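Student: Below is one structure. I have some questions about it.
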Amino acid sequence: MASFVENIKDAFSASFRVKGVYFLYLLSFLYVFPILLSDVYYMDDYDRVIYGYGWSQDGRFFANAIMWLLNLNFASIRVKQVDLFPYTTIISSLILVFSGILICDSMKILRRNCFSIAPLFIMISPFMLENLTYRYDSLIMSVSVFLVVFPFIFIEDRKLFFLTSVISLMLAWMTYQSTVAGYVSLCAIFATKFVLERNFIKSVSILAYGMAAFVGSTLFYEIILKLFHVQISFGRSVSIFQEPEVFKNFLFNIKNGLIFIRHNIDFRFFMSALPLFCMFLFSAYKYISVEKIKLVSVFSIFFLVFSIFLCGLGLNVFIFYPPWWLRILIAFPFVFLLLIFGAQKYVRYEYINIAVACIALYSFSLCATYASALKEQNEFTNQILALANPYLVSNDHTKVVIDGEIPYAPQVEYSRSIYKIIGTLVDKYIRDGWYWGERRIGMYGFVDEVFIEGAERNDILAEKCSYNVLTRNKFFVLRARDKMAIVDFTKAACK
């Protein structure tokens, strides 16, 4: 127990002795500042701000516990959330930087007398923007990142590392499941570090202890889900191992994951990451050409590096027909950590700082543009819905079906032409059969909170030409019959 406390004290005190540490926290605040100014609800926020529900239906029990404590609702065990934005987003950014400092210090990347922006590597990943935009989930997701980082401050004590890994991973599973892929990435990065230090036994030991903790925590989490009769929705609980052709599905998921990443990464990002990637390749080349290493070590390093890149795709590679969202790529930042660590052996500290600064410059610019686009699309949507609202509120208990989709605001179209990822980050909401679209319309109680889908929705749309036209404008045709309304963005002519 004394060793446990001492390790924590040393790690936490060391994290605040890092040169320029408070400037790093200032940068984290400045990074999310545009998101704070946008002040926009994002997907799940639309329901949580009305009903205040938690995450127990998704098996995220520790997330519920955190918000239960923060909301000070001790009179009832049931989570009834309050909107703590913007504090949740600010604290989230601070936690991400703190986690970055802890892991960089554990890997000996930081130097006491030299300022480094390397600890920003988690926060400045473009794939973290969705996670940071949620008013409620952002804090939970950041805590989950800290949970997978925490065990590595005990990396020199195998027993403590194993015990803290089991506990932290169990909590991470119950906080935000996708983050546990980051733990596997970190195990592989540390194993690579020990191989490079010619400590092959320690490398194997870390992998063995790490994988044992991972498997143990996963089994425990499965037991918890069964005890509470939780079936995670959208098929996310079905793994490829429960289906035939496991390897084929595995390759299929990798292919789709890479396509998804390519779809959201633009030339600017490649150029910003190029200096760091080139430094990594140069350092790898120098190491192979200068150091006399065994062939088995070379293959081990290649396998570990491949594993780290694979973990960047998240747990989706092991799920049968998974949905691809930017938020599930929460482990992708550890690819940056690998590049930083790999480059430092033969590249000067100052050059690595400049390379990371290039990525940070891209990310700060992206965040500012994204936040502006998010706000513009929200206001644009409100303007268009305002054209329909007088007709929708003329009857009580009106139900709505959307046909087609709302266009992007002109400013958003321009932003998408600069940053491809904005097309994914800025959701239109009002589109065909999308639950959050109809929730977006019903947020203020203008229509009934009923989501019509499947065959019922198709039957309604098949008869839309028999509905009365209430109004027609540049954006949509509003049709209604009895207490059913169709917002038709296709504006297709009726025969």
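Don't overthink the numbers, they just go from 1 along the chain as shown.
Just so you know, glycine gets a Cβ as well, placed from its N, Cα and C.
Predicted automatically and left uncurated, TrEMBL annotations should be read as such.
Annotation source TrEMBL lists transmembrane segment at 21-41, 84-103, 136-155, 161-192, 204-224, 269-288, 295-318, 324-342, 354-373.
Where in this structure would I find these features, and how exposed are they?
Tutor: Panel annotation: around the transmembrane segment (161-192), residues 4, 59-63, 66, 103, 107, 137, 140-141, 143-145, 147-152, 154-155, 203-204, 206-207, 209-214, 216-218, 220-221, 224, 301, 304-305, 307-308, 311-315, 327-331, 333-335, 337-338, 341-342 of the same chain, lying at least six beyond its termini, place a Cβ under 8 Å from a Cβ of the stretch.
Residues 59, 61, 151, 155, 158, 161-162, 165-166, 169-170, 172-174, 180, 183-184, 187-188, 190-191, 194 of the same chain lie 6+ residues outside the transmembrane segment (204-224) yet bring a C-beta within less than 8 angstroms of a C-beta in it.
Remote same-chain residues near the transmembrane segment (295-318) are listed as 177-178, 180-182, 184-185, 188-189, 191-192, 195-196, 198, 200, 203, 239-241, 250, 253-254, 257-258, 261, 288, 324, 328-332, 334-335, 338 (criterion: CB distance under 8 Å, separation of at least six residues from the stretch ends).
Listed as Cβ neighbours of the transmembrane segment (324-342) (distance under 8 Å, sequence separation of 6 or more from its ends, same chain) are residues 103-104, 107, 109, 118, 121-125, 127-131, 137, 141, 144-145, 176, 178-179, 181-182, 184-186, 189, 192-193, 256-257, 260-261, 264, 273, 276-277, 279-280, 283-284, 305, 308-309, 311-316, 352, 356, 359, 421, 424-425.
Listed by sequence, the residues of this chain that lie at least six past the ends of the transmembrane segment (354-373) yet keep a Cβ under 8 A from its Cβ atoms are 27, 30-32, 34-35, 37-38, 116-118, 120-121, 123-126, 129, 268-269, 272-273, 275-276, 279, 336, 340, 343, 409, 411-412, 415-416, 418-419, 421-422, 425-426.
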Student: Between the transmembrane segment (84-103) and the stretches 21-41, 136-155, 269-288, work out which stretch tops the count of Cβ pairs under 8 Å.
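Tutor: Comparing 21-41, 136-155, 269-288 against the transmembrane segment (84-103), the winner is 136-155.
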Student: Six or more residues out from either end of the transmembrane segment (136-155), which same-chain residues have a Cβ under 8 Å from its Cβ atoms?
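Tutor: Tertiary neighbours of the transmembrane segment (136-155) are 4, 7-8, 11, 44-45, 48, 55, 60, 63, 66-67, 81, 83-85, 88-89, 91-93, 95-96, 98-99, 102-103, 106, 122, 161, 164-165, 168-169, 171-172, 175-176, 179-180, 182-183, 186, 190, 206, 213, 327, 330.
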